[in-house]
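A.B. asks: Okay, so TrEMBL annotates it like this:
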type	residues	note
DOMAIN	210-376	domain 'Helicase ATP-binding'
BINDING	CYS435, CYS438, CYS475, CYS478	Zn(2+) 1 binding site
BINDING	CYS444, CYS447, CYS462, CYS465	Zn(2+) 2 binding site
Amino acid sequence: MPTYLRIAVPSPLRRLFDYLPPADEDPDTALSLPSGIRVRVPFGRRSVVGVLIATATRSEVPLSRLKSADAILDTVPLLSPAVFDLCRWASGYYLHPPGEVFTAALSKRLREGRAPLQDAWRLTARGQGLGEEALARAPRQQAALRALSGGHAVEASALKSQGMTSPVLRELEKKGLVERCESALQLPPAAGADGPRLGDAQASAVRQIIADAGSFHCHLLEGVTGSGKTEVYLRAISHCLQQGRQALVLVPEIGLTPQTVARFRERFDTPIALLHSGLTDAERSQSWDRARRGDAAIILGTRSAVFASCPRLGIIIVDEEHDASYKQQDGFRYSARDVAVKRAQLEACPVVLGSATPSLESTFNALRDRYRHHRLEQRAGGRAMPRLSAIDVRRQPLTAGLSPVLLEHTGQALAEGRQVLLFLNRRGFAASLQCHDCGWIADCEHCDARMTVHRRRRQLRCHHCSARRRLPEACPQCGSTSLIANGLGTEQAEDFLQQHFDRWPVYRVDSDSVTGHADMATLVSDIHRGDPCILLGTQMLTKGHHFPGVGLVGVIDSDALLFSADFRGEERLAQLLTQVAGRAGRGDLPGEMLLQTHYPDHPLMQALLTRPYAEIAADLLLQRQERGLPPAGHIALLRTDARAEGEGETFLQDVRRHAAPRIDAASQLIGPLPSAMPRRAGKHRSQLICLSTDRASAAASAATLVAATEALKAPAGLHWFIDIDPLDTL
């Protein structure tokens, strides 16, 4: 009876593929191959690396049509059992092709079919039996043998620090005396250094999290900015390390990793593996392998780190759990926060979701007793929360978006030796370029959007598709040189602030000026010196950064999200402004926040000034429940990108006709209709929304939509995807 290998192949197809074992593999042996190993297989005209999901003795595909696998690449699985199960769950929940999901759980090196990184050396049997005198004329080789004589593998970095360089080791390798291998550090239980004295609420949270060690519970840690949430994380991690377990810590942005790493290294004398996009492929592969082998006690990373295999995982921390960066917006569209909760369940360990402004989803789960809710309502050390007030900018002269009142307060704070943070969530110099004579506006050729003026680089840029073109000196339509830059951006505000406050440095912080984690680390170091300065930036500045010298925060345009068409708009505005306010008064100086607005009497603006975030969130949650919107309801979004206008809507109408009779009664279909930005990156976008009242109906209806879509022949050039629990429904 033949043996079949069921493989998850990296392809856009939502299915597994059956293969025969390689020609040199015994069928009986093949039947017992473990799930989770990598297998190289032919796929079309390519040779690709897939993951073995199962072996079988029956296949629905005729034997004559099956191909043989090229090679079995591993003898033991490189994915931990929990991560293997996590990938299977994620593929089903997000309705994403299994091969692409399993690919996300492997480092690039492993995806390419290469062997796991071998960054250690050990003696061969021949080397173990060789006396030192045999290498008397090669003292460095002799020293290397002596260093490896303990019988265990030694990391290459440790050997190098003792003067045993790669050429020395390679020479011994040629002689058959040493060989490369994976390191296998036996990490002793690590205790953290003592931290500051905990407040009562902090101590209570730590006790409950520690009590859940070894079992799954989700803890929502809601603490006002500066309340000491990180200290709770550190205490919980310390207990985890003392038990000989690993800790996985997720942060939303690579800009947070330098200061987080500094806090962790200050506290723990134990290896830390970093996983984020700012690393090279080799660095990421090394960190991935260290996590998988258990060599790293703490794994710290951004979204994708949630899939890192860890043999002894004891706790998961998701910092700033509300942050939209945890949701992948293309390809495999998963929420790292939600995947982290599922992983903790599979690993039988606690997970802590921390935020000063929890998402309504997490708040909803806490209210339904799915999560244990801990509240830190006071700042650490008894520091006061910043004073909030609005500046009514109606009928006030604005220069680069700044009112006289905000400029006066900024100057006063600088003169008093305080730092000032000015928040403007719009990079570039101006929002658009217009001809004063004929009205021409610089639109993107590929999107239904206007191009942003970037004066420093003399460019027009589209912030949606990244298209660029030179900044024109004359109107391309009428030839006039009367071109006006409309709107505001961080470049324009920076130019004015540098002129107006020339005694103090101005640091602009956006994705144009800070392009990597090294830039952010340098900037944070400069700011932490405490010298008076102005920090001007986008939301990069709001995400958990600790700037103790900031005494004043000014929001240049508080109205940006006030009238958003997105049902999440008010939640995002409340989170954003609360987080911005939290940057003020974190040190010994009192803090103040000024909101520039044209709508000081708007109910949400009044609420932000007078009520804590938790009360605002409770009101917003009630509104969502009344309307059946997430988190009370559940959304699946089916979107198309088509070459021709109307093509996507026609296709989705066919999908709706085929799917509607089989859609669950607790679900309703909305659309098809064009997206809020109908054309983006040269594609015409349309969408069909499925809104359900319960999770089971949502899953069944989304699966029905996908099945109906796959059953139809899509027009040439039309691409579609399903997004489960989308953050962007416009």
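Positions of Cβ are set from backbone N, Cα and C atoms, glycine also.
TrEMBL labels come from automatic prediction, so no person has curated them.
Have a look at these and tell me how they're positioned relative to everything else.
C.D. replies: When pLDDT is averaged over the domain 'Helicase ATP-binding' (210-376), the result is 92.
CYS475 (Zn(2+) 1 binding site) falls outside any helix or strand according to DSSP and counts as coil.
Long-range Cβ contacts of CYS465 (Zn(2+) 2 binding site) within its own chain (separation 6+, distance under 8 Å): CYS444, HIS446, CYS447, ARG680, ALA681, GLY682.
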A.B. asks: Neighbour count, 10 Å Cβ-Cβ cut-off, for CYS435 (Zn(2+) 1 binding site): what number do you get?
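C.D. replies: Within a 10 Å radius of the Cβ of CYS435 (Zn(2+) 1 binding site) lie 21 other Cβ atoms.
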A.B. asks: At a 10 A cut-off on CB-CB distances, which of the binding-site residues CYS438, CYS475, CYS478 has the highest count?
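C.D. replies: The most densely surrounded of these binding-site residues is CYS475.
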A.B. asks: In sequence order, what residues of the same chain, 6+ apart, have a Cβ less than 8 Å from the Cβ of CYS462 (Zn(2+) 2 binding site)?
C.D. replies: CYS444, HIS446, CYS447, ALA449, MET451, THR452, ARG468
A.B. asks: Among all the protein chains here, how many other CB atoms are within 10 A of the CB of CYS444 (Zn(2+) 2 binding site)?
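C.D. replies: Other Cβ atoms within 10 Å of CYS444 (Zn(2+) 2 binding site): 23.
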A.B. asks: Specify the secondary structure state of CYS435 (Zn(2+) 1 binding site) as given by DSSP, simplified to three classes.
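C.D. replies: It is in a strand.
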A.B. asks: Note the Cβ centroid of CYS444, CYS447, CYS462, CYS465, the recorded Zn(2+) 2 site, then list each other residue of that chain whose Cβ lies within 8 Å of it, in sequence.
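C.D. replies: After dropping the recorded site residues, what remains is GLU445, HIS446, ALA449, MET451, HIS463, HIS464, SER466, ALA467, ARG680, ALA681.
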